[in-house]
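As recorded in TrEMBL, the features of this protein are as follows:
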{"type": "TRANSMEM", "residues": "A:61-88", "note": "transmembrane segment"}
{"type": "DOMAIN", "residues": "A:68-420", "note": "domain 'ResB-like'"}
{"type": "TRANSMEM", "residues": "A:126-148", "note": "transmembrane segment"}
{"type": "COILED", "residues": "A:172-199", "note": "coiled coil"}
{"type": "TRANSMEM", "residues": "A:220-238", "note": "transmembrane segment"}
{"type": "DOMAIN", "residues": "A:434-513", "note": "domain 'ResB-like'"}
{"type": "TRANSMEM", "residues": "A:461-481", "note": "transmembrane segment"}
Amino acid sequence: MVENTKCECGHNNPVGTILCEYCGKPLQQEVIEKSSIENEMRYEGAARRSQQSVMSLFDRVWAFFSSVKVAISLIVITLILSAVGTIFPQEEFVGAASKELFYQQEYGWWGATFYQLGLSKMYSQWWFASLIAMIGISLVICSLDRVVPLYKALKGQKVIKNIEFMKRQRIHVAVEVATDEEEAKLAELEQQLNNHRYHIQRDGKAILAEKGRFSRWGPYINHIGLIIFLFGILLRFIPGWNIDSFVNLIEGETKRVPQTEYYVKNEKTVAEYYRPEELPPAMKSGGGEVIKKYQTDAVLLKKVPGSNEMKEVTRHEIQVNDPLTYEGLNLLQSDFRPQQLRGIKLGITDKNTKQSKGQFTVVFHEISLHQVYQVGDLKVRMEEYYPDFAIENQRPITKSQEPNKPAFIFTIQKPDGKEEKSWVISGERLPDPEGNQYGIDLAGFDLANQTGLMVRAEKSLWVYLVGGIIFMIGVTMGSYWQHRRVWARVDDGVLYIGAHTNKNWFALRRELEMVGKPIGQVFGLVENEKE
Amino acid sequence: MKTTMEYFLFATFFLYLFSAVVFLVGVSGAKKKGNAERVKKWGKAGIILAIIGVTLHVAFIIIRIMLSGHFPTSNMFEFIAFLCFAVVLGFIIVFFIYRSFVLGAFVMPIAVILLSYATVFPRDVQPLIPALQSSWLYIHVTTAAIGQGLFGVSFVAGLVYLIHKVGNRDKSKSAISLELIFLVLIMFGSFSIVSTIFQMTGYQATFKHVYKGAEVVQEYKLPAIVSPYESKTVKMDSFAGMSKPLFESPKVFQGEKAASKLNSVLWSIVSGLIIYAIYFAIARKRLGKLLHPLVQKLNLELMDEIVYRSIVIGYPIFTLGALIFAMIWANQAWGRPWGWDPKETWAFITWMFYSAYLHLRLSRGWHGEKSAWLAVVGFAIILINLIVINLVISGLHSYT
Ligand code: HEM
C-alpha cells in the first residue's frame, strides 16, 4: 500500500521522502535529530526507488546497481585488472609462433601462469567485458534513480523554507532584526547576491538566491555520454563491423583487401631518410640512418560486376599518420621492406651455338599458368609453378605459396613449331633432357620495395565521437560550475540565512563573506559540524 | 639560437628556484604571530617569480618549436620539462582561486626537482620518426600533460595536508609512508644532481655483451655499480677508486639498455639514501617533523578543497587529452581508436582512478586525510606511466 507522508505545511510527500519537497522540513526521525542535513541535501531529500524499505527482486537488483559504492568497486576492479594485464605484453604484441612457449621461455613460471589464467588476452576476455557491461548497467540505473527525483525537487522548490531546514544547513546564520529594518536588510541582501550573479526569487519575507543549477545535470549528461560510448563498443559484436587485418604488397602487386570487396594496388613504395645536415650531432655520430618518411602510392580498386575488370575507386599517397580512407575503410602504412625479391630473370641459350637468345622476367605475383613469354623467336610457356619446391614421395610439391624456392616447368616452342620441355629449379642445376636444344638459366633477380599495410575499419567511430563529446559537455558543466543556493527569511524578528552548495564549500563561504561585508553581516563563520 | 634556447631554460630553472626559496622564506615566517603581512609580501613576490618563470618557459618552448619544427613533447627531456611547466601553470591557476602561499612553498620546489630530472635525459633537438609526425599527437600530449599538471598540484596539496595531519606523529604507519614519499622525491633530486656532475666531468664506461644473438655495446654515463649480464668491460673511467663494476646484473636485465637503466636506478637509491642519511645526521628528526612547523597554521578545510578542486579542474582536461584526443590520434596513426598497448592502458587506469576518486568524494569518510592519500597515489600512477612504462615496458609510444 502506498502511503503518503504529510508535512505540517500541508504538502503530501511520497514515501521515503527525507526532507519535505515543499518546505524542506526534515520528516524522518533520525534526520530530525541531526544538527546538519548536509548529506540529505545531495538529492534534496527526495524519495528514491533504491531507498525503499520493502523490496521486490527487481528493486533489489535496482538498489545494487544504483549504489555508488558498487560503481566504485566495479571501477576499482577494472582498474586493477587493467594494470595486471600490462605486467607482461599482451598476445597481440607478441610475434612468436607459439604464444604459450613465448610466455614460458621469456618470463618463466610467472609468464606461464599469466598465459594460463588468460591474462595475456585480458582485454578481450568475457569477464573483462562483463565488468564493463556491469559498469554500463550501473550507469543507467544509477542515473535514473537520482535524476528524476532531483529534477522534480529542484523544479518544484519553494522560496519559503521551514526554519528547521535553514538552521540545519551547513552554513547558516541567525540575527535579530528590528521590524522597521527588515525590508531594507532583505533588499540589501538581494542586491549583494544579485551582484554575485545569483538569480533571486522573492516571496514575502523570504529570498531564494540560486546559481549554477544547470551544473547539477553535468554528471547525468556525462553518464549518458559514457552509455553511448559503451553502446558503440557493443556494436562491435556485429560481424564485419570492424576489421583488423594486414596486407603485404610488393611494388606493382594487386591484392584483395581482406574482408572487403575491394582490391588494392601498390604502385610505388619509397622510404626517405633524414639528410645528415638535418640531424643533430649526437645522432649523426650514431652512424645509422634515421627514417623521415615511408610512402606507398596505393590505388583502391573494385571489380566491375559481371566481369574480371577492375575499376579505380580512389588513390592516395599513404604515409604514416596519413592513411588511405574510403567509406570507413583505412589502409595504413605500417611495414616497409626494401629490395624484396619480386621475380627472377631467366636467360635462354642455344646449347649448340652457345649463343644467348635473350631474357625474360618471371614476376611471382603475376604468374598464371600457360602464360607465354616471347623471347626472340621463341615462345616460352609456363606449364607448372612450385613457389616453395620440394620432392615428396618422388613427386614435386610446393610447401607453401611463398616464393622461397621457386621451381618451374617451361615448354619452349621453336619457330618451326616443335616443342621441348625444360625444368628450372632455383638453387639447383638440373641437366636438361639430352635432346634439348635450349637451356634456361638464372640471369638475375627482379627486386622491388615491399609495403605492409594495415587494414582497419571501425564503424563505431562516430558513436564513440558522439559519446565523447556528450561526456565532455557533461563533465565540463559539472566540474567548472557548482550549484549554490542561499535562503533568507525573516521570521519573528529574526533573519535566518542558510546556504548550500554541491561542492567547494570553502569557495562558497568566501563568496558569502564578500556578500556579507557591505551589509555588515558575517556569513559562513557559523557552521554545523558535518556528520 | 640554440644557445639562446639554453639560456631561456636556465633562466626558467632559476626563476622556479627563486620562487621556491621566496615562498619558503615567507611561509617559514608564519610561525610567529602577527606575521600575516610578511607572508603575504613574500608570497606575492613568489607568485610573481613563478609567473615570470612560466613565461620564460613558454619562450623556451617557442624557440624549440622554431628550431625543430615540432612541438617539444617527443622525448623524455621534452615531456618531463613540459610536465613541469604544466604543474607550475596548474599551480598559478589554483593560486588565483585560493591564494594559498603554503601551496607555493611546496609546489615550486617540486617543480625544480622535475625540471632538473628532465635535464638528465639527452637534450638534443631530434628529428621525428614518422609515427610521431602528426599535429594530433601534440594536441593529445599537451592537453593530457596539462591535466596531469593539475593532478600534480593536487598531489602537492595532498602532501601539505598530510604534513600537517601526520608529519608530527610518532611511529605511525602514515608518518612513515609520508617519509618514504619524501625519500623518493629526494632520490629524484639526488639522481639529477649526480647525473649532472658526471655529465659535466664527461664520465664514460662501455660494456659489450651478447643479446638475442647479436653483440651490443652499452654506454654508461654513470660509474657502473652493476654491469650488463655476461658482459666484457671495454672501458671504464675510474671514479673514487672504483674502476670495476661492483657486480653483474641478473639475467632478467638482459635487454638492450636494461642494465644501464638498472644502474641509474641504483644510483638514485644509493645517492638518495646518502643524502637522506646526511640530512638525518644533522637534523636528527624526520623530514615530516622538520616541515611540520611550516604548515602549522594551515587551514585544513582549504587544503582539502584544493586537493579536490585541482583534480576536478584537471579531470576534464585529462579526459580530453589522454583519452579523446589520444583516440583520434591513434585512429589516424594506427587505424583504430584503442589498442590496449601499455601506455594506453595506463592512461585508462589513471583516468579510472580519478573517476573513482570523484565518486568517493560523494560518500562520507573520503574527505581529508584519505582524500590526500588518494591524490598522492594518483600522481604516483602518473609517474609510473611516465617512467616505468616508458623506460621499461615501452609500448608503441615509447620515446627513443
Ligand atoms: C567509468 C565510469 C564512470 C565515470 C567516468 C563517471 C564519471 C563521473 C563524474 C566525472 C562525475 C562528476 C563528479 C563530480 O561532479 O564531482 C560523476 C558523478 C556521479 N556518478 Fe559517475 N561515472 C562513472 C560511472 C558511474 C557509475 C557506474 C555510477 C553508478 C552508480 C555513477 C554514479 C555517479 C553519481 C551518483 C554521481 C554524482 C551525481 C551527483 O553529483 O549527484 N557513476 N561520475
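Using N, Cα and C of the backbone, Cβ positions are placed for all residues, glycine too.
The highest tally of CB pairs under 8 A with the transmembrane segment (A:220-238), across A:61-88, A:126-148, A:461-481, is held by A:461-481.
Counting only same-chain residues 6+ beyond the ends of the transmembrane segment (A:61-88), those with a CB under 8 A from a CB of the stretch are 48-51, 55, 103, 106-107, 110-111, 114, 119-120, 122-123, 128, 131-132, 134-135, 137-139, 141-142, 144-146. Through the fold, the transmembrane segment (A:126-148) approaches residues 43, 48-50, 62, 65-68, 70-71, 74-75, 77-78, 81, 217, 219-220, 223-224, 226-227, 230, 233 of its own chain, all at least 6 residues removed from its boundaries and within a Cβ separation under 8 Å. Mapped onto DSSP classes, the domain 'ResB-like' (A:434-513) shows 29 helix, 37 strand, 14 coil.
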